[in-house]
Amino acid sequence: MNHFPKLLSSQIGFDVAQTMLEYFDRHYRIFREAAVDAKTLFERGDWHGLQRLARERITSYDERVKECVEVLEDEYDAENIDDEVWQQIKLHYIGLLTSHRQPECAETFFNSVCCKILHRSYFSNDFIFVRPAISTEYLENDEPAAKPTYRAYYPGTDGLAVTLERIVTNFQLDPPFEDLTRDIGCVMQAIDDEFGHFDEAPNFQIHVLSSLFFRNKSAYIVGRIINADRVLPFAVPIRHVRPGVLALDTVLLRRDLLQIIFSFSHSYFLVDMGVPSAYVDFLCTIMPGKPKAEIYTSVGLQKQGKNLFYRDLLHHLSHSSDRFIIAPGIKGLVMLVFTLPSFPYVFKIIKDHFPPPKETTRAQIMEKYQLVKRHDRLGRMADTLEYSSVALPLARLDHALVRELEKEVPSLLEYEDDKLVIKHLYIERRMTPLNLYLQNGSDADVEHGVKEYGNAVKELMKANIFPGDMLYKNFGVTRHGRVVFYDYDEIEYLTDCNVRRVPPPRNEEDELSGEPWYTVGPHDIFPETYGPFLLGDPRVRSVFMKHHADFFDPALWQASKDKLMQGELPDFYPYDATLRFSVRYPARFGATGENDGAGDAQRAA
């Protein structure tokens with residue numbers, strides 16, 4: 001600190017720090033209560049309740065920040081506190097965190113509050129936590145009644161089958177299992193299929209995180225197998241095979257499969273973590289290479305993930321020299337998109353003006369992005385990080401990009417010394433645009449991309465999402481080969497749409513007309529008209545009609561809408577249906593496998 005206070009003499013400084021921590025503690029208490037409630041809702045099979053709980057939790061953080069800011073302004077006139085006291089506030093806050101179980105998240109909460117009160121000129125480590133102050137290494141809750149972060153099991157003592165059964169039953173889920181012995185047998189067979197026979201080393205053990213991970217209609221057991229110097233990750237999803245009866249659905253034993261269920265295109269898990277940094281450290285051991293920012297986000301601590309991401313960006317900028325450039329591909333009508341080639345993300349800014357035929361506003365587009373944030377993304381919609389007042393070094397901006405920014409978003413720019421401050425932007429994982437993937441790919445790539453595209457749109461419609469603009473350029477291909485939607489300015493709930501067939505032409509003039517001969521309402525959709533936009537490439541057309549000929553039939557869309565209107569929530573699985581035990585080992589299930597919906601499994605990883 002440039003001017004470290006020699007004496008922490010300000011009572012206001014201590015009171016403000018304590019107030020901020022009290023509001024963070026309130027936030028985290030609500031966060032944990034949501035995870036506890038998720039277990040109850042899962043046991044009851046209350047899927048609508050789980051959806052509602054997940055949506056409410058997303059907004060809870062901002063509500064606590066807003067409440068805290070209002071108290072600080074009303075009781076302490078926070079905007080007029082002088083610089084020396086603000087420095088003391090931070091130091092008092094650090095002192096209050098020395099034995100805290102969530103210090104990194106509390107520091108982020110401090111930043112969130114300060115950013116609402118202080119001018120951005122104060123956004124330095126003197127006043128906020130640009131860098132962390134409290135270490136989270138080896139942090140555990142050592143209170144006698146507290147759950148450990150993970151439990152260790154030793155199969156060498158009682159055998160693997162008994163150990164696996166104990167792992168499952170220790171979670172004390174209320175509904176009974178249909179046939180836990182059968183399911184444990186499937187787990188053991190899957191382990192043997194994946195790894196074959198392996199010699200048990202003296203340190204052979206299984207570590208299992210103490211809390212279940214809830215999302216959609218599944219509860220996941222997450223852990224790792226330790227044997228000699230090998231660390232083998234696993235996740236076991238538990239599902240209701242029918243109301244009030246549970247089963248282990250599969251076991252995921254490959255790192256890439258775990259990375260998909262923890263990916264940026266899925267909604268956040270609800271998981272009860274007394275010490276979140278310990279959970280994240282554990283998850284890093286089974287998904288090495290996955291940024292901590294993404295893991296914090298996936299377990300529901302998206303503000304901490306956002307904070308870590310920004311630190312990662314600043315660190316990368318200080319250790320790289322390439323320039324931000326306009327993103328390659330077809331330019332959008334609504335968003336200006338740029339990227340830093342050495343950094344695997346894109347930066348998206350809403351333009352000041354939209355040319356015809358776009359009829360929307362900045363506020364409406366921002367609401368669409370919030371809709372996606374709150375909605376179940378099912379592995380088919382990219383998560384976004386939203387930032388305000390992002391300062392980028394001018395020397396790192398390509399001249400063509402600066403000209404484009406000044407042309408398209410002048411209202412969002414401020415020049416500040418050697419930096420360009422962008423008042424508002426979104427950041428997303430960079431993907432290969434699907435149109436380029438199909439254009440440049442082999443025949444096998446085209447088949448994969450088209451099949452994935454159709455699956456993605458069909459899964460989105462079953463989740464009550466109509467993408468609006470379904471051109472290939474609005475979808476991307478992830479590094480795992482998944483097709484993900486990422487252009488949200490025309491997104492709508494399918495239940496708000498009016499699915500229509502194209503009326504037959506009234507005469508030859510109608511038939512030859514390039515314009516519709518029928519009225520089109522603002523929420524009307526005509527699936528039969530999508531073909532000319534999607535099937536122009538002969539390779540694409542052939543594969544599309546092979547896998548998704550029903551895509552252009554309004555009946556498909558209307559059937560999904562009807563089920564949604566009746567309150568149905570379809571089953572989705574963030575792994576291939578062929579991995580499900582009932583599909584993979586049908587002989588173990590006999591007649592019981594007929595009722596578990598295996599034939600209708602949707603792949604939504």
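Using the three backbone atoms N, Cα and C, a Cβ is placed for every residue, glycine included.
Model, not experiment: these values are computed from the prediction.
Feature annotation from Swiss-Prot assigns active site to Asp383; the stated evidence is sequence analysis. Around the Cβ of Asp383 (active site), the number of neighbouring Cβ atoms within 10 Å comes to 23.
Note: Gly332 (ATP binding site) has non-local neighbours Asp487, i.e. same-chain residues 6+ apart with C-beta under 8 A of its own C-beta. Look at Swiss-Prot and you will find Ala327, Pro328, Gly329, Ile330, Lys331, Gly332, Leu333, Lys348 tagged as ATP binding site.
According to DSSP, Lys348 (ATP binding site) sits within a strand segment. Rounded to a whole value, the Cα-Cα separation of Lys348 (ATP binding site) and Asp383 (active site) is 13 Å. It is Lys348 that, of the binding-site residues Lys331, Lys348, has its Cβ surrounded by the most other Cβ atoms within 10 Å. Ranked by Cα separation from Asp383 (active site), the binding-site residues Ala327, Lys331, Leu333 are led by Ala327. Counted over all residue pairs in Ala327, Pro328, Gly329, Ile330, Lys331, Gly332, Leu333, Lys348, the record's binders of ATP, the longest Cα to Cα distance measures 15 angstrom.
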